[in-house]
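These come from TrEMBL:
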type     : residues  : note
DOMAIN   : A:687-747 : domain 'CBS'
TRANSMEM : A:86-108  : transmembrane segment
TRANSMEM : A:114-138 : transmembrane segment
TRANSMEM : A:159-182 : transmembrane segment
TRANSMEM : A:226-249 : transmembrane segment
TRANSMEM : A:261-283 : transmembrane segment
TRANSMEM : A:290-308 : transmembrane segment
TRANSMEM : A:314-333 : transmembrane segment
TRANSMEM : A:435-455 : transmembrane segment
TRANSMEM : A:461-483 : transmembrane segment
TRANSMEM : A:490-515 : transmembrane segment
TRANSMEM : A:521-543 : transmembrane segment
There are 2 protein chains.
Amino acid sequence: MDQCLGDTTPDEVLIPMQTDGSFLMSDDRVREPLLAARKRAMNTTSQTAIVGTKRCTIESLDYEVVENDLFKEDWRTKTRVQIFKYVCMKWSLALLVGLITGLVGFFFNNFCTFVAYVGCNLLLATVAAALCAYIAPAAAGSGIPEVKAYLNGVDSHSILAPSTLLVKIFGSIFGVSAGFVLGKEGPMVHTGACVASLLSQGGSRKYHLTWRSLQYIKNDRDRRDLITCGAAAGVAAAFRAPVGGVLFALEEATTWWRNALLWRTFFTNAVVAVVLRSLIVYCRGGKCGLFGKGGLIMFDMSSTVSTYSTADLLAVMILGVIGGFLGAFYNYLVSKILCQYSKINEKGAAFKIIHTMSISLLTSCCSYGIPWLARCTPCPPGLADRCPTIGRSGNFKNFQCPPGHYNDLASLFLNTNEDAIRNLFSGNTGNEFDISTLILFFIAVYCLGLVTYGIAVPSGLFIPVILAGASFGRLVGTILGPISDLDPAIFALLGAASLLGGTMRMTVSVCVILLELTDDLLMLPLVMLVLLISKSVADNFNIGVYDLMIQMKGLPYLEAHAEPYMRHLVARDVVSGPLLTFFGVEKVGNIMQILKTTGHHGFPVINEPPFSEAPELCGLVLRSHLIVLLKGKRFTKDKVLTGSTEVFKSFGSFDFAKAGPGKGMKLEELEISADEMEMYVDLHPITNKSPYTVVETMSLAKAALLFRELGLRHLFVVPKTPGKPPVVGILTRHDFMREHILGLFPHFNQRKKTNEEQT
Amino acid sequence: MDQCLGDTTPDEVLIPMQTDGSFLMSDDRVREPLLAARKRAMNTTSQTAIVGTKRCTIESLDYEVVENDLFKEDWRTKTRVQIFKYVCMKWSLALLVGLITGLVGFFFNNFCTFVAYVGCNLLLATVAAALCAYIAPAAAGSGIPEVKAYLNGVDSHSILAPSTLLVKIFGSIFGVSAGFVLGKEGPMVHTGACVASLLSQGGSRKYHLTWRSLQYIKNDRDRRDLITCGAAAGVAAAFRAPVGGVLFALEEATTWWRNALLWRTFFTNAVVAVVLRSLIVYCRGGKCGLFGKGGLIMFDMSSTVSTYSTADLLAVMILGVIGGFLGAFYNYLVSKILCQYSKINEKGAAFKIIHTMSISLLTSCCSYGIPWLARCTPCPPGLADRCPTIGRSGNFKNFQCPPGHYNDLASLFLNTNEDAIRNLFSGNTGNEFDISTLILFFIAVYCLGLVTYGIAVPSGLFIPVILAGASFGRLVGTILGPISDLDPAIFALLGAASLLGGTMRMTVSVCVILLELTDDLLMLPLVMLVLLISKSVADNFNIGVYDLMIQMKGLPYLEAHAEPYMRHLVARDVVSGPLLTFFGVEKVGNIMQILKTTGHHGFPVINEPPFSEAPELCGLVLRSHLIVLLKGKRFTKDKVLTGSTEVFKSFGSFDFAKAGPGKGMKLEELEISADEMEMYVDLHPITNKSPYTVVETMSLAKAALLFRELGLRHLFVVPKTPGKPPVVGILTRHDFMREHILGLFPHFNQRKKTNEEQT
């Protein structure tokens, strides 16, 4: 997985951040070293033709070509695995061909309906994919990993741009309408974050939607807080779960959490709740057509009987364990599939669209074809008005069945995802769904969810996981039906919880979201138990799905814990040189030279005699501030102090404020004459004179803790004994990354491997 | 309020804490300076006789004695206010005498029942007060402020001791049984924290309840985490609200929050939920007598109709505003009353008991006397089996009424607090309570809650506040009954939310707790709205009730935000000298001398030639570690390095582990001969070689941020220019306290006052 990069472009810019209230004072270096380290080795041997996708070394195979160094090492075992894989693939391809041919033959009889169904879906899918592929590639996928990374301090390219927002909204609408197995909660979170980002930038300057009064929150901390609120509001709106949204923002999204933030997200979500509630009430009278159906609780289960015995508790625990395994396996497969998809996405927009269209075709075939496999079931007595449902949404789809009968698979497949979940969660309906139905549906949804995520359409993961989990839970419930007191609907809820716990690894927020979705407070102890178990089981295998995606996209995410090997290193060990410094009063030419030749975002400023007794560290100066200062052209002929008041006369109050991503002043815009190059400029007014520092012998683990807890961008390493130059180096985010450190000290990696082999 | 100290003894010891995983490395100085600054001025003039309590300058008055300097300044206005106060007091005392005489006369007729009622309450109250006064004074009160302060790093004397735990449990049981207007959730939180603390100490050594395997979590960080879990479990158990408990721990209790902690508290509370649920199911068959009645939801309101119009929204907003005012006023009064009570408590245990008894008498008189003021109401039709209730708990108390009638005030007063809340929350009962009843009950409960908190009995604040809020809300609902769609029960819920928001200032946790208490998810938007409004309104007047108590008790709580004046100071400004340092290899006699003459908990270790090229900072050594090292007696005749392996041979793995509060080795236990005093000991093995440092010119606000975010105990201030001694001073918790800084720089306080006068 490490060899595969997601579709993130390499021009990510790091956003600076400081958790203190002082005016902002940090930035970062560009991250070429990391990307270089992560760039996967190209594989140009011929064997890739067999699999059909180029340039992937993981799934590639060839039992004839043995020149590849990878295979030379342990030829025997490797080749056996390769042969086995190859044979499996051959057989599964043959099976697929047979299946498709058979199905097409069958569909020929129902050609017209099939074509209409597939055509509509395909059209919608193509529009969604075209939007994503041509206008805003960043809008594809869930968006939660990117928002999470942003709140950690990593700003992926145009992830919060207005174009992304628009495509996210419409792409998501088209995507959901196209009948894909995907959710709208991830895109909603991303949408909320985009709106928040736009507001915090004072609107969009590109589209002439600006609001000048918003400029006073133009700093990283307020922007981050607002985006946290936006993410919370997204969950609140998607699930009608305001408290769950707050908890989601706290548990999953944010890196720096403060009580004030809790209060602010709560405020945002209270507004969401009141607005939602008002609109629901307004729309209840049928004023909004198809809009606004349903109440504040999406899947009401409060009427379900909820008594259970100790034996049920055991069953529920087993459900949790299986859910944990399934969740971890889901994460594993998602990462493998995304790895393959990234190669398709790299080929260009047209390939993205074709890819999306083929997945749409697959989904349509499955949802139209598989219901034919189900038997017709007679309607339960006393439900004549509800069963079968023809020409409207509901539990009991008629499909191909005679009157008075329904097709239970069609009730799940030929419905919106929400309605399918509602059907699975519907209580007191006994054996509405056959066991074979549930098995088929679970397998189909589990696989479709996997292949759908990663296509060029905004797609959430919650709904597919809930859908798969609910069908799996209902399956277990139906099997245990004769011996358990619990309603199969409760099992469906618990199954959803277990799979959510296994993939997302969230606890409190999933618990509250499920509670707010179903209003089934009495099930809370069981839901908590299942979440606990499934998360504990799954944590043994891999990390949560969002963290996995952050890792795959190569985003430099700052982890909460220092890695164990950091304890054996000191700060000095990982500082990479050479260090570039400025003097307090510096020659303009020198500054221009250094700014042009390096990509660093922050530089130490050093005072020398006559401005101090001995060379001493004055502070930190940012690239963006330097550019603004140079543009102001307050230069002097001699090396003299200008004074702050004098300098700030030339600048407005917002000149030094943090611009939106990609909106700051560019170095190329500066026009400085040869005469001016020889003049001096006083850097003291724009120097942050209280930078955080660590001694060079500080344990790297403790330096990492300082760096993360205070949300720093630059950390100065100062010498232990006086006499040396006053700064040894600067630590930035990338110096704490695993790749950087293990690149410098490969023996830590080896030691880890040795440990693993021994255990 | 600042002049009044709570009943905290001044021998509080600060617990060290480090958020990093390295072996613990910190401690603190004693806090005499703070206490000295806070000691209130004694007032020995004669005028205090009038009020009856000695030594309080706030409420004292005398319009004849004018020698007092306070009164000399502006004699005219002061005296008028004093006279007015005096006259008011005279009249109110006269009124009180009349009331009491009248009531006693009336009670004479019902003497026997009254005596039995009062006697039982008095007995229970006396037992509870005696337990608190003689065995564990720390068990009195809520306990939440102390737990909150502990999690911030302040260990009040014996606040988590086993004796406190026992008294808290039994005192709380007796206190609640005595019919006081107090809750059990604060004591439950404290109980949970005590249990967690005992477990983390490896049981109680004093009571021979130890468990050796628990010793590996004997460090501050794990102890703090476990206590957070305990506090969360307390709320979960008290309200049967596991998710609410997690959120309470996060929002109110903890200072340092991590995702891992969320997961751990969630685990604890899942266990609480499952245990509670199992016991409830087990007890449902009547197997536990009076125990275990009721379900998982304490005040079920899910059947209440919940439609509301826009006009109702307006009413609800006004409810929120009034609730905010009432809450802020409640906090104000609580602080004033606690200030008075602290003087009674200072007089000794006997006074505490008498005080508690008098409050018990007052409560009994109110709850027995006030119901006589209510009219008898005929039972509503169709409730013949439930109304009136005689000989059991229920909605419709018969009291003095003829058969078929009930006394609505008695239904509220002569019930447990929980049942009274349940009655107020009961929906679809129309005008069960008269407006006059609700007014009387609200006033009585509001005042009784105020005077009860602070007596020598474990007492929570949640239940009194919910009770007062619910009666206030139901009052508003009953008044608005003819014009509002909302049930008065819903108004009661919203009233409780508004008063909780106004006093506690919690949002998400109160919201979820109320949700879990009532299972009324559809009311969530309104509850959120009310909480928002009431908190916002109340925040304009004062801080939350728990923060207020921490302030009153003089606990050195580290605030989340740096105060504004800190930006104008640098780290060097607040360092208090003289600085005591050790050399890397130090003479035993010097160490003993310094340990005996100072109370500091941490010392810098400095390396000098020949052990380094120039004098340089080696690290931090703790008092507790020094004592352990000296006890090991690995001394050398000459100044030589001993080496870590050599030293650690003499010590077990747990010798340097953090002992429980007050359980560490004492300096007095050391016996060192005169010969040994002349020998040397190598401090390097026990020195923390990676202490966090700041440069002396670092802004104090940023140093405070570093100190708090990393949970430090000691922060070294190093010189900016080399050549000086390698350490300028140590910053500890008390150096960041408002009192310390404003003591050093009084002009900041004056400036603030000037600003206030100008605005």
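In case you wondered, yes, glycine gets a Cβ from its N, Cα and C as well.
TrEMBL annotations: computationally assigned, not manually curated.
The helix, strand and coil residue counts that DSSP assigns across the domain 'CBS' (A:687-747) are 23 helix, 12 strand, 26 coil. Long-range contacts of the transmembrane segment (A:159-182) within its own chain (CB-CB distance under 8 A, at least 6 residues past either end) are made by residues 120-122, 124-125, 127-128, 131-132, 135-136, 138-140, 143, 146-147, 150, 188, 190-191, 193-195, 197-198, 204, 206-207, 209, 227, 359-360, 363-364, 367, 416-417, 445, 448-449, 452-453, 455, 457-461, 463-464, 467, 661.
When Cβ distances are compared across the two stretches, the transmembrane segment (A:461-483) makes no contact with the transmembrane segment (A:261-283), since fewer than 3 pairs at least 6 residues apart fall below 8 angstroms. Against the transmembrane segment (A:435-455), the recorded stretches A:114-138, A:314-333, A:521-543 differ in Cβ pairs under 8 Å, and the greatest number is found for A:314-333.
Outside the transmembrane segment (A:314-333) by six or more residues, the chain places 308, 446, 449-450, 465, 468-469, 472-473, 476, 480, 484, 486, 491, 494-495, 497-503, 526, 529-538, 540-545, 548 with a CB less than 8 A from a CB of the stretch. Looking at the domain 'CBS' (A:687-747) alone, the prediction's average pLDDT is 86.
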